[in-house]
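**Q** Okay, here's the structure, questions in a sec.
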Amino acid sequence: MVKPLPRLRLQGFNNLTKALSFNIYDVCYAASEEERRRYIEYIDEEYNADRLTQILTDVADIIGANILNIARQDYDPQGASVTILISEEPVIDKKDAGKEIISDAVVAHMDKSHITVHTYPETHPDNGIATFRADIDVATCGVISPLKALNYLIESLESDIVVMDYRVRGFTRDIKGKKHYIDHKINSIQDYLAKNVKSRYEMLDVNVYQENIFHTKMHLKDFDLDTYLFEEKARNLSFKERMKIEARLKREIEELYHGRNLAD
């Protein structure tokens with residue numbers, strides 16, 4: 001873990017905005033149209049609004065934020081979203097967070113301090129590939145750091161591929177009037193990943209240090225076909241079928257990892 005910079009004595013309060021964005025992908029192979037339908041149903045139930053609310057509530061606890069309000073929605077035919085408004089200072093009791101609460105504090109934080117998740121299950125109409133994407137954003141204003149939730153989020157979701165962006169915006173002024181555009185040391189998002197997470201993933205960084213922009217993407221190193229098959233076992237497939245399915249899955253993973261389609 002990277003050591004924080006010495007605590008700054010600030011004028012007023014910390015005005016820095018820190019935003020962490022995740023795109024997490026789960027890739028699966030479901031041979032028939034019926035299996036692909038059941039995969040979508042499974043994902044839709046596994047990551048419904050209630051489950052996602054619990055995950056984001058845990059994130060708020062981990063980063064030391066206080067919940068102002070929770071809005072959640074399941075969608076038809078599939079997908080879900082949750083938005084939690086947060087602050088550094090306690091405003092309401094967590095057991096009341098799901099109720100209709102409108103206050104000046106909520107309005108003041110709506111555009112800055114929040115945690116959101118949206119899910120996107122989908123299937124390929126022909127080749128058996130099915131994917132689940134979860135987009136998660138953790139934005140804070142002040143001393144709260146969204147980086148504390150990195151490892152929990154990766155472990156909480158079926159993360160075959162993870163794309164992460166972190167940026168710091170604004171400035172905070174110390175008591176001598178000097179502006180500070182970042183209040184912690186960071187060379188890479190990888191600095192904040194646990195060893196057991198880093199050991200399982202291949203990772204690539206694209207960072208713009210002078211702009212306080214940090215980008216890391218990663219995918220699992222090991223490929224075990226059984227973990228990608230939905231309602232099927234590799235041992236029940238012929239060698240030719242295994243090779244065909246493995247090639248399709250690896251291509252899908254590569255395309256999602258690089259964010260572009262590969263040439264045929």
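Glycine residues also receive a Cβ, built from the backbone N, Cα and C atoms like all the rest.
Predicted, not measured: the structure shown is a model, and the values here were computed from it.
The active site, schiff-base intermediate with substrate annotation in TrEMBL covers SER113. Here TrEMBL flags HIS118 as active site, proton acceptor. Under the heading active site, proton donor, TrEMBL lists CYS141. Residues or ranges marked as pyruvic acid (Ser) in TrEMBL: SER113.
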**Q** Ten-angstrom check, please: count other Cβ atoms within 10 Å of the Cβ of SER113 (active site, schiff-base intermediate with substrate), all chains counted.
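**A** 24, counting other Cβ atoms within 10 Å of SER113 (active site, schiff-base intermediate with substrate).
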**Q** From the Cα of CYS141 (active site, proton donor) across to the Cα of HIS118 (active site, proton acceptor), what is the distance in angstrom?
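**A** Counting only the Cα atoms, the answer is 22 Å.
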**Q** At the level of the C-alpha atoms, what whole-angstrom distance separates the residue listed as 'active site, proton donor' and SER113 (active site, schiff-base intermediate with substrate)?
**A** 6
**Q** The residue listed as 'active site, proton donor' has how many other Cβ neighbours within 10 Å of its own Cβ?
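**A** Total other Cβ atoms inside 10 Å, all chains included: 23.
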**Q** Using a 10 Å cut-off, grab the number of neighbouring Cβ atoms around the Cβ of HIS118 (active site, proton acceptor), all chains included.
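**A** Around the Cβ of HIS118 (active site, proton acceptor), 17 other Cβ atoms lie within 10 Å.
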